[in-house]
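K.L.:
A single structure is presented below for examination.
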Amino acid sequence: MRLTVVGANGKMGRELITAIQRREDVELCAVLVRKGSPFVDKDASILTGSDFLNIRITDDPENAFSNTEGILDFSQPQASILYANYAAQKSLVHIIGTTGFSKTEEEKIADFAKDTTIVKSGNMSLGVNLLASLVKKAAKALEVDDFDIEIYEMHHSGKVDAPSGTALLLGQAAAEGRNVMLKNVSVNARNGYTGEREKGTIGFACSRGGTVVGDHSITFAGPNERIVLSHVAQDRSIFANGALKAALWAKNHENGLYSMLDVLGLKDEF
């Protein structure tokens with residue numbers, strides 16, 4: 001499968017290029033960076049320190065998408081909307097690992113998915129998606145009046161959105177387990193005099209620092225006991241490999257908006 005990596009000079013872009021080179025069932029077709037990037041017209045190998053790849057880095061989407069079958073996208077929300085439009089027009093598979101979308105942007109992506117196959121997830125790893133399944137089951141089983149839910153995440157100092165897409169994915173799982181809307185029960189910050197914790201809310205706490213790839217934990221705090229579920233990402237390759245798995249899966253599926261739960265066969269479990 002021929003693939004284009006967008007946002008290629010970012011951490012995940014570089015990881016995706018490396019992951020593609022290690023496999024025989026996918027091929028790096030093009031590499032796209034932002035307009036005016038100093039990497040334009042250089043060989044893609046400069047991004048990974050690998051041997052010469054004979055793929056010229058471009059900042060022109062038309063050029064990058066002219067001979068590809070799929071787009072691997074861990075960029076920024078505004079850019080992802082642009083790429084989703086291209087994907088819909090050209091019937092290209094679009095794998096979206098970008099996070100931080102607004103409600104309006106989410107609606108646009110859903111609309112574009114009518115004309116192409118999109119897999120969108122706040123986290124592409126098997127472990128996190130299994131964790132989400134467990135979180136939903138736990139939230140459903142534990143009484144709201146007895147157990148409070150708190151989600152904690154930590155990422156590297158360069159991450160620009162909070163809570164992370166993964167934290168929100170886990171929060172959504174917990175909310176679905178309790179049959180409520182996350183937006184109605186989430187508490188994203190506590191500061192100063194907050195009063196007592198409101199029953200049924202789902203709290204989020206975020207930290208940024210160092211080179212942390214991604215730590216997430218979900219605590220169900222009840223009377224005299226706590227249940228803690230967690231996931232630690234040690235290397236970004238787990239996200240890259242998940243994205244490639246999603247692309248190959250999407251190639252053989254009808255137009256629509258899917259998640260990694262679909263790709264991993266966890267939808268029914270979830």
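Just so it is clear, glycine is given a Cβ too, placed from its N, Cα and C backbone atoms.
The active site, proton donor/acceptor annotation in Swiss-Prot covers His155 and is backed by sequence analysis. Marked as active site, proton donor by Swiss-Prot on the basis of sequence analysis: Lys159. Annotation source Swiss-Prot lists NAD(+) binding site at Gly7, Ala8, Asn9, Gly10, Lys11, Met12, Gly97, Thr98, Thr99, Ser121, Gly122, Asn123, Met124, citing sequence analysis. Taken from Swiss-Prot, the feature NADP(+) binding site applies to Arg34, supported by sequence analysis. For His156, Gly165, Thr166, the entry in Swiss-Prot reads (S)-2,3,4,5-tetrahydrodipicolinate binding site, with the evidence type sequence analysis.
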K.L.:
Could you round the CA separation between Lys11 (NAD(+) binding site) and the residue listed as 'active site, proton donor/acceptor' to a whole angstrom and send it over?
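P.N.:
Cα-Cα distance, Lys11 (NAD(+) binding site) to the residue listed as 'active site, proton donor/acceptor': 13 Å.
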K.L.:
Which residues does Thr99 (NAD(+) binding site) neighbour through Cβ under 8 Å, counting only same-chain ones at least six apart?
P.N.:
Gly122, Asp161, Ser164, Gly165, Leu168
K.L.:
Counting other Cβ atoms within 10 Å of each Cβ, which of the binding-site residues Gly97, Gly122, Gly165 scores lowest?
P.N.:
Gly165
K.L.:
Given a 10 Å Cβ-Cβ cut-off, pick out the one of the recorded positions Lys11, His155, His156 that has the most other Cβ atoms nearby.
P.N.:
His155
K.L.:
If you count, for each of the binding-site residues Asn9, Thr166, the other Cβ atoms lying within 10 Å of its Cβ, which residue has the minimum?
P.N.:
Asn9
K.L.:
Between His155 (active site, proton donor/acceptor) and Gly7 (NAD(+) binding site), what C-alpha distance do you get in Å?
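P.N.:
Rounded to a whole number, the Cα-Cα distance is 19 Å.
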K.L.:
Just to confirm: which same-chain residues, 6+ apart in sequence, have a Cβ under 8 Å from the Cβ of Lys159 (active site, proton donor)?
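P.N.:
In sequence order, the residues whose Cβ lies under 8 Å from that of Lys159 (active site, proton donor) (at least 6 apart) are Arg208.
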K.L.:
Check the DSSP secondary structure of the residue listed as 'active site, proton donor/acceptor', expressed as helix, strand or coil.
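P.N.:
Note: the residue listed as 'active site, proton donor/acceptor' is in a strand by DSSP.
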K.L.:
Between Thr166 ((S)-2,3,4,5-tetrahydrodipicolinate binding site) and Met124 (NAD(+) binding site), what C-alpha distance do you get in Å?
P.N.:
9
K.L.:
For the (S)-2,3,4,5-tetrahydrodipicolinate site (His156, Gly165, Thr166), what does the 8 A shell look like? I mean other same-chain residues with CB within 8 A of the CB centroid.
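P.N.:
Going along the sequence, the neighbours come out as Thr99, Gly122, Asn123, Glu153, His155, Lys159, Ser164, Ala167, Gly214.
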K.L.:
Do you know offhand how many angstrom separate Gly7 (NAD(+) binding site) and the residue listed as 'NADP(+) binding site' by C-alpha?
P.N.:
7
K.L.:
Between the two most separated Cα atoms in Gly7, Ala8, Asn9, Gly10, Lys11, Met12, Gly97, Thr98, Thr99, Ser121, Gly122, Asn123, Met124, the residues recorded as binding NAD(+), what distance in Å do you get?
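P.N.:
The two farthest binding residues have Cα atoms 21 Å apart.
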